[in-house]
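Annotated features, as they stand in Swiss-Prot:
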- 469, 497, 517: Mg(2+) 1 binding site (BINDING)
- 469, 582: Mg(2+) 2 binding site (BINDING)
- 596, 600, 624, 627: Zn(2+) binding site (BINDING)
- 642-803: domain 'Integrase catalytic' (DOMAIN)
- 811-859: DNA-binding region (DNA_BIND)
């Protein structure tokens, strides 16, 4: 061997001498001397340092120095009582060019062939046997100080590798590696592991091992290195690199983790670093250490305080238990390795096995780079990572990879997943999904969220479509079959959009297609079902992402989500629907929501004041918790005479609001024409209080012509009558003990109280502290904001302008004269909620009637009278066109047969009459003039195909009530038409001559096929 010849020389006595190894010079970033002052040392440590320095001086490891460089030196006492020298070389290391590690990781003892005998040796003082380059010695000088500076300090410099120097491990590995190279070449069939100064030799037989060891001893000695005789291991159990090695098994050395020293981030960082080092042997999945990893979150200062939580304490106990029981196996060099991937919680777990013997565990980091990492991508990443590990261990790819996927899922992964393609690139082995039958893996906690189950990659057929949007002002919304606006605490459009998507997934328990104009939210929603969510310092974002994942996983029906570009001029329904969702979070809608939160104004008032649609205004009211509860069903309004102009007729009453305390007597006045309300809170209801209230009304509303009250003592007193006569006001009272004569003001009392409750419990009007302030806010809402049914302006506008826009004013009408039981032609003067005022003709007093006694006609007055006089009836037959009934909002169709009783004539068709009539005059079904009259039981109702029910038979019996039965109610959505036509064979067009016009038309030739319409 040439290198051996260079090292060895024959002396004149014939003995072989060993030349010292040639030193490796260091590369320096600067030649400027680095001097760090030596700190004082206690007398005991100073004496120990002198002894150690003399010992090293005698061995030739140090020499006296006059170097301009200096590093502090100190000593520590070991458990054995011996002292050890250490030099603080941090400042010197900063100016040394690093050589880089030659062994970036520990060798795995699992690669030692099973049943092979071993010998383990440790090199004695390895660093001190390797010289420094002569030009580098002065840079490692140190000073031994004198107490009280009574004598000059003693200075030395290192001639050998000092402990703590940046490149000492690399230089040591290089020297030892050179010494072992001849051994590896001669005994290539032996398995030799060398790490720093620890050397392990394994051979197939004991004789070969002894030969290898003998040759190794000589080579080590020739290199100037020495073997520590007290650290030679030749029998089991062997201890090497923290492991206990037996003939076939490998176990971690028994240790106990001290928990009392875990105080700072640095303490936990070191602990988890040590645990991660032995995790491939322990087999602790990532999910089982989540609480320990979570402690590392937060402040990045190494000295920042940390608390060991009870959950983390349990995980440390698990680590200690695993250290006591875990074991892996030495391999058979002739058998291939396999990789098993288990779908464990949090992230997948990999296991390297040989046959059924465990070789090593493989895990992914607890935290990821990406915010969302799909579980399939995690599997692919773990496969790629473990393939590299196996190649590093034995130089080959695994023979087989077992994954928790079916063959079809594997095929789809190769097509659709880039991460999968990278993780399995150039793999020529077998991909299988059959796991070996063994109990050693049964403790793993598996997950089912590997591939998406709820999220779809293609649009769903026959599913609802919902559009979402979010704004940066704390509003999220969606539109589709229904609309909803959600108030959020966030000032981010992306987060509000995320809230909108979460709300849609919660509100619609059926298959849906979601369209969003946020690419970020769309991608997050697509991935979140099976994704590992990266922890963020933003708690709000963590909560949103976790809620999104929980919502998706709890769904029973699939969904599809896609992205649409916002604010484009592209045509089509998708763009329009997205704009509609955008409008829901627009400033007008937000202002409408804010006003409703303050005043609880009704939907008509919101639409009148803001640029919002009817549906948006109604949704605001319907989603208000106070208004939803307080909008109770009301009875059909009766007919109370009303004024035909402002201040023509007032109604006045006193109601009680207990929450007002002493001022609980609330005097209420309402103008029966404009519905303008004024109220004052008083301490009583005597005449003086009534007069005080009326003066307040005059200041706001003006002076009325007539006032109607009940028969209370405050209203019937002479003092009150005198007061009214002074103001030229006539006074009437209702029937004693009958509140129906005061129906308008009684209903106003309820409306006012309801508004007070809304505003009190609504939460946005806390500034109104006194009773009168609360009353004023309610009056402002009712008079100046709310718009009531069949009106287009507020009560205040009607009262101040005298203009009342009745939707049917001036139209011809059929009205029922209850005295004569006849129907007459008249003209509408005004039309209100459940009532109307009709002019019977010239020079006749107007008649107040309930709307159920009114029917419209779209004919000239002459034709109508002629039609009425002849009592003409017109049949509707099968051959006629279907009658279209347009739905204004939603319609509740009565059940097939209501057999409870024949109803009153005026009740016939009541349900349908109230619900329909959007484009045409109201159409009713039943026995009443102007109603469609079925003469038979079976009619066919055709519902458009967009409805979930396409066809059903509508049964009716002549003269029967059309009241609905609860179990037969059917809801039809907004603005859809119902087509009614007779069912059966065609009937003759001509009416039989013997039929009577006033009777139900029944044809013998066609029973079940006709109806009459007046």
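Using N, Cα and C of the backbone, Cβ positions are placed for all residues, glycine too.
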Cβ-Cβ neighbours of residue 517 (Mg(2+) 1 binding site) (radius 10 Å): 22
Integer Cα-Cα distance in angstrom, residue 469 (Mg(2+) 1 binding site) to residue 624 (Zn(2+) binding site): 20
Secondary structure tally of the DNA-binding region (811-859) (DSSP, helix then strand then coil): 3 helix, 28 strand, 18 coil
Three-class DSSP secondary structure - residue 497 (Mg(2+) 1 binding site): helix
Length of the line joining the Cα atoms of residue 600 (Zn(2+) binding site) and residue 517 (Mg(2+) 1 binding site), in Å: 32
Proximal but sequence-remote residues of the same chain as residue 497 (Mg(2+) 1 binding site) (Cβ under 8 Å, at least 6 apart): 468, 469, 470, 476, 516, 517, 518, 521
Same-chain residues at least 6 apart in sequence whose Cβ lies under 8 Å from residue 596 (Zn(2+) binding site): 606, 620, 621, 624, 627
All-chain count of other Cβ atoms within 10 Å of residue 627 (Zn(2+) binding site): 20
